[in-house]
Ligand SMILES: Cc1cc2nc3c(=O)[nH]c(=O)nc-3n(C[C@H](O)[C@H](O)[C@H](O)COP(=O)(O)OP(=O)(O)OC[C@H]3O[C@@H](n4cnc5c(N)ncnc54)[C@H](O)[C@@H]3O)c2cc1C
Ligand SMILES: Cc1cc2nc3c(=O)[nH]c(=O)nc-3n(C[C@H](O)[C@H](O)[C@H](O)COP(=O)(O)OP(=O)(O)OC[C@H]3O[C@@H](n4cnc5c(N)ncnc54)[C@H](O)[C@@H]3O)c2cc1C
Ligand code: SF4
Ligand code: FES
């Protein structure tokens, strides 16, 4: 059992938890993830390591289905049955020059550790955060502190640029020389945004989020097509060259269990009610 | 007592083979000739004193039989169920020349089950040596090595990346062949010897390979978990599984009981399994229990199927259709799988080993409609850790090269099981692990 030391709600449906997991924190690096299981009947789900502090791992997640809802419902001081990690390859951190980190929605969760690592490697770091509206924007202060420059976009214009993060990325590229870009967010957002850097041929990384089971290279559930070749995102990734990724295949594979997911969530919610949310 | 009826067993994941009753066991054991030079023992990769334990069963001394087996084999209830006895001990049993060989596997299983029902006793340990040994991977190789090393008095730290120990025994082999409580009981016994099991640790990431150097010795038992794919068009469509993924979703994650358990698996009505080994049989029979109509496509002839004869027989009884001399060339579908296109294979030419070489017959293709395809065409050594360790000699398939004694090219590192041999058997992994553990104890000066 692993204790959740802190748990808070960051915005509608987005939560932050700190899990006590010294085995994970010892060697964790930017860009890696963990796999958690909430309880004995639970599914193994991957979540990015968003920050490390002593023995604690910070995870920020959106409650979308059964497991993430159940995770959000674990109170501070409560426990989850498993956390494995760190998993995946760390981000490629070196001195590039000027780096831009684009975070979309809950994908912003992954950006501070990478920004920090890039900064420490001597890069100038520009952050671009995109969210549906001002209420959904997370980690703004934290990114502002790390980054040399921080830009914000909201779909409804309630904060910063009225529009997409991709517009801001275009703008930055027009204004200055950019050497490397990270785009982390919903798959469709990564697909669209990475088109901005395709033409000018700027090295661009995306962090892929296929459905996983073991996260150790044993099942092949997480396979993605990169440069026409099959890669296992859990051990070869999760970060890949954005311009080589087959996003359509990824999105198609992500949708496969949609019916199951709806059913599981509905059942979970029903059960929650019958015991007064005390489960 | 025989097998459960087909109708009955397709309803659940309960064990198919009921095993022997005490009367049947005594009768079977009494047939043994108690040969002076028992050929059966030569066929056993861990040299169980077969005539000795069989004699105890004949006398009705079941616990003594189990104790006798346990001297050579720490996982008898598992081996009694999954070892390919028909090509090992039983193949050499003298009675097999004229009549049927002694059913050694069934007797081993019987003795182990009797013992387990009475409660297992934890094996004794030698005085502590103060040496620390890291064992990586908790499949049969890692478990057995951990047990042997603990017996020899070392401090054993057993690392496992998943949330449950057992390797393929837990996530691969279905419970209708190997019930999970049997696996758990045998593993628990080894852990009770003081082995420090650390789950959720992927060595190479959670623990760096440099940190491993801090141990007095290291045993790699990371298995052959890397699934192979055929590399044909359509393979990354939704609904195409590796056998590992499909079996893991069900055996480890209990997707057959979704939504009581959270992990989903496709709802399948027509499944095509590609391959002909034990893994393919397990995948096919599992899919059958999920309610699907199952077709197995294998590129050679039926007589060439590498799976155990008993499993092929069980699969056929359960209504799995076999299409032999055919090989998939393309998986069809737009969003998800809708079918699979195969080509017929021509089987005349024999290779050096006398096995026919399958060759496609031009343009002779056919299509099967299906909503799930499971590829069970083999798997290779798990590269995550071994690819990170410098100066570790590896073979062509990425397997770790060892001597007879289990030593690798790295002075502190030993290896056993599928990571050295590629996909093999439980008993081979156990035999290798015992040998490697012995070598480690010799190196550490305690043998
Ligand atoms: C490397 C990686 C890092 C991730 N990091 C984060 C993060 O930091 N924060 C965050 O909110 N989300 C993250 N995700 C996505 C997260 O894993 C899914 O949201 C989560 O699994 C949903 O589980 P659920 O049961 O609540 O939802 P479900 O209802 O089961 O699924 C909702 C959607 O989540 C995805 N999903 C479902 N099961 C899995 C699975 N086993 N593995 C991966 N995706 C799945 C599918 O696209 C699905 O349509 C990450 C995914 C990956 C692969
Ligand atoms: C479906 C199926 C059916 C089979 N049927 C039979 C049968 O009937 N009879 C038979 O004799 N054999 C059978 N086999 C083969 C047999 O199971 C294997 O040969 C045997 O399990 C190999 O044992 P192992 O300990 O080497 O590896 P595994 O059982 O593969 O165990 C390796 C363990 O190491 C863990 N691991 C890997 N990398 C790391 C790491 N870096 N850090 C920490 N942990 C790690 C894995 O999670 C796993 O638990 C079957 C195999 C399969 C897949
Ligand atoms: S070879 Fe057969 S008959 Fe002889 S001892 Fe072994 S099991 Fe008994
Ligand atoms: S999640 Fe199983 S191989 Fe990546």
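Glycine too: its Cβ is placed from the backbone N, Cα and C atoms.
Among A:147, A:234, only A:234 appears in TrEMBL as part of the [2Fe-2S] cluster site alongside A:219, A:222. Same-chain residues at least 6 positions away in sequence with a Cβ under 8 Å from that of residue A:219 ([2Fe-2S] cluster binding site) are, in sequence order, A:213. A distance below 8 A between C-beta atoms marks A:219 as the binding-site residues from A:219, A:222, A:234 lying next to chain B. Taken residue by residue with DSSP, residue A:234 ([2Fe-2S] cluster binding site) is part of a helix.
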